[in-house]
Structures are given as structure tokens and as C-alpha cells.
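Per TrEMBL, the features are as follows:
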- B:20-39: transmembrane segment (TRANSMEM)
- B:27-180: domain 'Cytochrome c assembly protein' (DOMAIN)
- B:59-80: transmembrane segment (TRANSMEM)
- B:92-111: transmembrane segment (TRANSMEM)
- B:123-142: transmembrane segment (TRANSMEM)
- B:154-176: transmembrane segment (TRANSMEM)
- B:196-217: transmembrane segment (TRANSMEM)
């Protein structure tokens, strides 16, 4: 248990201190804001149109930002032999994956929710929509983090892992996107519940899928 | 199941079974297509376009049955380490993706005259499109992980995870009643008149047999490929 706490702490330190094996929590954020900036260039600066489409665009940006760190989540630790050391000490891969999932979400979810505030300003979202977006992100980002972790375990050590990760992760992220964007409307309460359900399912399943994939990658 | 664990024994059964399944399937498909195009009357509402059903429904069934088989094979590979399960799952993926694509294409062509649109963001259509993307991801993942040597279990894990989409496809017409019709046919009754319906089970059986023949052929090809690689490795060592 103490060791799992140490994994968590170490991954978090890497995420917030930049550098190291985590790749930094800042990079996905800047990417997220960059996509939010590009969107008005693509569809034009009309405020009404932006306010209508902006919430969904931010969900797309969040999805792409979640995909960005996939190749750095597990591969550096696997390459350095850290995962083998943990296995030798008899710690289940599922537990390691769970600790890494929590660390990844802490480095990804809350900063993304903060970054959504200036992004909402860029896209002319009103306060109520921003509130619903933040609620959706609070429920949806754990699911996205779980998907990212599972994908990075599945594609670990494969040639072209980056391109494969997008192919593997994006179809599975469709429910999060549908319910997340659905929760932005006025009658979003039902979609918010479904978003929470999808997210919960992903968080519950990801450590087991990732653990099995880590074991499979070792063979 | 465990009788087939020996590839040699499997091949001795699969080799004669392939042409039987293939030709029987082709014959049934030919019967269904000819009678579906020429014999059955047109629909009172949809006119001639109802005939697309004889391809669309079997393709949809095989797209979904394909992933079900792939998931079962993946489970067998993960739980019992059945040596042929990985080969079977890989063999199913490509024809499964093909039939899913056929289902989407015929559905789109059918939707234009009847719904007035090529595509709509309906639950059934969207979940079927996601199934096609899952197939493509599976094929890419299986291809990349087999480069690492042997039959890696990573693709099997993805095959099991992707199976969550199957109930979504099945219940999508109940959850979101937007564009695609609900179930017209159940085991006990059908809302389609029997004069139009009868070639459909023939086509279903025919395409299923063809699918099985394709899977057996691909399994034999994958096994032969593994054999060639093993022999090349042995020769390189000598």
C-alpha cells in the first residue's frame, strides 16, 4: 500500500514538475487551449455560432488532449524496468495500473477543468454552459484518463504505438463525447448521469484491462 | 473444443470443410439473391428498394456475430490459452469488418430513397460505425502485436473490451427511437409479410456459411504462415 502511494506521488511529481517520465501536465493543457483557439479560425468568429458549437468543440479538444500523453504514461517506466521491479516485489499489475490511473487523473483532470475557463471565454460560452461543461468534465475526465491508461498499456512496445493509440482509444471514447456534449444542453441532467455511468465503467474496468495488458506485454 | 487444440487435427477437419461451406453458402446466396431480385413482389410502401434487405440484414448480422465470435475466441485465448483461439479471432476480424462496411454502405443506399438521407446520427447507425472503427483498430493492433512474435494477448484484451459495443447496437433502436426502425423479426413472429420475407433466412444462412468458409480459409492461411516462419527460423539456425 505504501509503495502504491509512492508510485502515485512519483508520477504526480513528474507530471507537475515537467520533465521526467510523466511528460508534464502542462503539455496537454496548452494543446487543449491551442485547439480551442484554432476552432474560431475554422468556423469564423461569429459569437452566436461559437457559443452554440463551442461546448462540443471543447469536448473534442479535451478528447484530443487526453490522447496526447498516451505514449508517455507507461512506456518510460516499462523501458526503465520499473514495472519489472514492482512485479518482482509481488505487486499486482492491476494495483500498479490503479495507482497510475489516479496519478494520471490528478495531473490531467483538474488542470483541464481550470483551462476550460479561459477556453470558454475564447469561445464565448455563457456562464450556465460553462458550469455544465465543468460538471461534465469533472465526471468525464476520470473516464478519459482511464481510457488513456488502458490504451497506453495495450499499445505498449508496439511499432507505431502513437497512431495505434488513436485508433484504439477514439472509438471507445465515443460514449463520453456523446453524453458529455449532451450534458451541455438545457435538459442535460439525464446525459450527465449517463456520462457518470460511462466514466465509472471505464474507471472500474481500466485497471484490470491495463494490468492484463502489462502482463501480456512482458511475455 | 479441446479436440481442436491440435492444429494438425484442426486442419484435417478444416481442409475438407472449407469447400463444402463455401459452395453451399454461395449456392444459397445465389438462390436468395435471384429470388429476392426477381421472384418476390415489391413492397407497397418502399417499392423496389426493399430488396436491399436481402443483403443488408445478413451483413448486419454477420458484422455483429463476427465480433461476438471474436470476443468468445479472445476469452478462450485468455482463459484457457487455447492455441487456435488467437488464430480464429484474427481470422474473423477482416471478414467481420468487411460485412460491417457492407451493412453501412447498403444501409446508406437504402436510406436515401426511404428516409430521404444517406446518413443520420441515429443510435443504430452510430454504434454500427463505431463497430467498424473497432474492427479496424483490432486489425491494426493484432497486426502490430504479432510482429512482437507469437500470438500476443493484447489484441484479445481489446477484443473483449470492444464487446461492450454489441449490446449498445442491439438495444440502440429501443433506447434512441430516432431513425432506424425497431426489430421487425423475432423468433416467433415477424411484421414483414411472408411473401417478401422468405428469401431472407436463405440469404442469412448462405452468407453465414460463406463467412465461415472465409474464416476457415484465413485460419488455414495464418497457420501456414506461422509454419513458414518457423521453418525459415529453423533453416536460419542450421
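Cβ atoms are placed via backbone N, Cα and C, with glycine included.
Keep in mind the model is a prediction, meaning the values are calculated, not measured.
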Residue list, the transmembrane segment (B:20-39) vs rest of chain: Cβ under 8 Å, 6 or more residues beyond ends.
51, 53-55, 198-200, 202-203, 205-214, 216-217
Interface check, the transmembrane segment (B:92-111) with the transmembrane segment (B:154-176), three or more C-beta pairs under 8 A:
no
When you scan the chain for residues with a C-beta under 8 Å from the transmembrane segment (B:123-142), skipping those not six or more beyond its ends, what do you find?
60, 63-64, 66-67, 70, 89-90, 93-94, 96-97, 100-101, 103-104, 107, 154-155, 158-159, 162, 165, 168-169, 172-173, 175-176, 178-180
If I take every residue in the domain 'Cytochrome c assembly protein' (B:27-180) and average their pLDDT values, what number comes out?
88
